[in-house]
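Comments concern the structure below.
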Amino acid sequence: MEVYNVTVATGTSEYSGTNNYIFVTLVGEKGESERTILDNPGLDFCRGAVDQYKVTSPSPLGSLLLVRLEKQRYWVEDNWFCRYVTVELPGEDTVLTFPCYRWLIGDTKVEIREGTAKTLASDDSSPQLQAHRKTELQERQKTYRWVTWAPGIPKCIDAKTEADLPQDVRFDNEKRSDFEHSLHYKLAIRFGKSWNDLDDFKRIFWKLRSPIAEYCMEHWKEDWFFGYQCMNGSNPRMIKRCKKLPENFPVTPNMVQSSMAPRTDLDKELKAGNIYLLDYVIMDGVPANTIKGKLQHIAAPLCLLYQHPDEGLIPIAIQLGQIPSLDTPIFLPKDPPLAWLLAKMWVRHSEFQVFQVLSHLLRTHLVVEVFCVATLRQLPAVHPIYKLLAPHLRYTLEINCRGRTQLISANGIFKRVVSTGGDGLLILAQREYKVLTYRSLQPHNDFTDRGVSQLPKYFYREHSLMLWEAIHGFVSGMVNLYYPSDRDMQEDLEIQAWFRDISEEGFTELPNFGLPSKLNTREELSTLLSVAIFSSTSQHAATNNGQIPLGTYTEEHFTEGKAQEQIDKFRRELKKIEDHILKQNEGLELQYLFLLPSRIENSITI
């Protein structure tokens, strides 16, 4: 008689525990253990519990392949979340860990594998494990399906609402409560009463007061602060170096001479690379929303900025339409103060539409959802790339489903409060999707292509590049750990199927997106994975800072030492970046902390 010591860990979130019957069977290469009910004196499987049991087998099982968990109803249905199972082998010091991180719902059973990451090629020792791998993907592909929510944007998960999602990708109860409380608070702010003046605005946001918020309220009218926000505000990816003035923006040197430093002019500064442009041409012709019976208005501005040697980046000319005419004059800092302030406000109004719909929704939420669906459909839980991506895709499907039903739907919040709500929102997203490129999702290419590599005090650029290097170094280390050569990666049928799902299904109708036809090198895979992780963490944080720190994994999918060493190295790199950013911000009245690693969420969850 062989006796195995088995430990079972229950989830730590609310309602993870169960009072239902739980059975376990150990499956080895030589047979199976007895089907054992897990029942100690007192309560088992309470929230956060780590319970220990004895499981017997009439004969040695040989190499342990699977742990089979079964749940059966006791009086009433009570779902159970299992974190992991460990098994201590008889007569050995060896303890095997079987990560689970799944809900068991109803009378059901699941079979989980030991946690060592395995590619398809390295997993050829057992026909039973190969069959398990194949069955897992077949079941997932039935559960997670692609759908076109609207034409001309990336495909998404086939779920009408978040309630249609499997429990394994839903918010836990604490997350759900926190999200819904925040949503109700924001709705109460917006719909409680109208705003009549700026003092009303201050009173509405009493709960969100902070030194930075106070600073912004004090300085928002100032030109230098306008320029600072173009680099380090919520949408820092619009600004481009201007080498030649656009033909539809007829700014003359005389117009802006009063904004220039002594002994220079516009032509000299253009040649010197000190002139920058914001161009909201994508807004041109977008239909405006009607809110409470009133047609809204939308501008498609052009804004010229100058890197002044003393004042920093400042706006020097604004045209609120794409076609110059008497009806679309060029506003200048020397105009009456209110006229200049209103021109800047209209630029910021367009900035908000682009920021929310394109920089935030499309380029982070919807892009990352493509990776999420493809990963669930094509990579089994034992695959190293599944384990690598899982923490960075957590909750993304639910937040996106909620966004489609609550924010950007026909009767959603955007329709009720945003100038591009309704048809305009989709048109704007479709326009951006047509020109979306894989290259632009890689920060070093993006900064180079926009000509902003030398722009001073562009903290978003500096911090993004540091984080990209840390993420790419971590990902490359993981990829090289599991693929000794490019050929090993090329011959991985699962990773190639994952890539095809991304390129041919998720990013459909994008002939100029720029992905290769297949993955040929480990570096190509590392870059693609880095784009997914960077977009879901750093890029999303820059536009919508969140909760869960980057590099902090609440679920431990990797169990082998070499993989954990890579994770520890990644954490050390993030700590260096954290220390650098904190030191850089010491003593600054206006600090840029959006990309502080401890403030970057690990996935898109809000």
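From the backbone N, Cα and C atoms, a Cβ is placed for every residue, glycine too.
TrEMBL labels come from automatic prediction, so no person has curated them.
Taken from TrEMBL, the feature domain 'PLAT' covers 2-118. Sequence annotations record features per position, and here TrEMBL assigns Ca(2+) 1 binding site to G17, D78. Sequence annotations record features per position, and here TrEMBL assigns Ca(2+) 2 binding site to D39, N40. If you look up TrEMBL, you'll see W103 marked as site 'Essential for stabilizing binding to COTL1'. Annotation comment: TrEMBL describes 119-606 as domain 'Lipoxygenase'. According to TrEMBL, the Fe cation binding site annotation covers H360, H365, H540.
The average pLDDT computed over the domain 'Lipoxygenase' (119-606) stands at 91. The most crowded of the binding-site residues listed here (D39, D78) is D78, judged by how many other CB atoms sit within 10 Å of its own CB. Cβ crowding, taken as the number of other Cβ atoms within 10 Å, peaks at H540 among the binding-site residues H360, H365, H540. Taking the Cα atom of each, G17 (Ca(2+) 1 binding site) and H540 (Fe cation binding site) are about 33 angstrom apart. In sequence order, N79, W80, F81, Q167, D168 are the residues near W103 (site 'Essential for stabilizing binding to COTL1'), counting only same-chain partners six or more apart with C-beta under 8 A.
Cα of H540 (Fe cation binding site) to Cα of D39 (Ca(2+) 2 binding site): a distance of 45 Å.
Per Cα geometry, D78 is the residue among the binding-site residues D78, H360, H365 nearest to D39 (Ca(2+) 2 binding site).
Listed in sequence order, the residues of the same chain lying 6 or more apart from N40 (Ca(2+) 2 binding site) and placing their CB within less than 8 Å of its CB are D51, Q52, Y53. Within 10 Å of the Cβ of G17 (Ca(2+) 1 binding site) there are 21 other Cβ atoms, across all protein chains.
Counting only the Cα atoms, the space from D78 (Ca(2+) 1 binding site) to H360 (Fe cation binding site) is about 38 angstrom. Mapped onto DSSP helix, strand and coil, the domain 'PLAT' (2-118) counts 0 helix, 65 strand, 52 coil.
Other than H360, H365, H540, the residues of this chain whose Cβ falls within 8 Å of the Cβ centroid of the Fe cation site are, in sequence order, S359, L361, R363, T364, V368, Q539, T543, N544, I604.
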